[in-house]
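Taken from Swiss-Prot, the feature domain 'Lipoyl-binding' covers 22-114. Per Swiss-Prot, N6-lipoyllysine is recorded for Lys63, and the stated evidence type is sequence analysis.
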Amino acid sequence: MEVPGDRFYTKTHEWVKISENRAIIGITSYAIEQLGDITFLEVKPKGTLIKKGEVLGVVESSKTTEKIYAPVSGEIVEINRDCGVVEEGSSEVPIGLEKIVEDPYEEGWIVVLEVKGDLSSELRDLMSSEDYLKHLKEGH
């Protein structure tokens, strides 16, 4: 299972990659494997301020519907529409969701947040790739 070492992970299977004060967020390959075919992915609108742990969006699949949680606090500044991610309340038709499945850690990112808090405290309780792999081996 692919778990890149250049980002942080949550117990709910989101990943975050930090680039200066920006946080690129997606879901892990493990989450995708558990979900099955992704049919819809909706996130809060651009400009929304969101706190760490709050619901960022929802992903629907052939098996279930799951919430996506914000691993850090910030303002949504970018939404990956190229991968079929749509804004909450939008009438857009999702096109390109397969990119999230095929390349969840690069092309398949979901949103970018501009981090609004102290970055080190925002990252404090997130897992490294090694810790995330241990978490998965423990059956989570």
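Cβ from N, Cα, C; glycine included.
Note on the domain 'Lipoyl-binding' (22-114): its mean pLDDT in the predicted model is 95. Across the domain 'Lipoyl-binding' (22-114), DSSP helix (H, G, I), strand (E, B) and coil residues number 15 helix, 38 strand, 40 coil.
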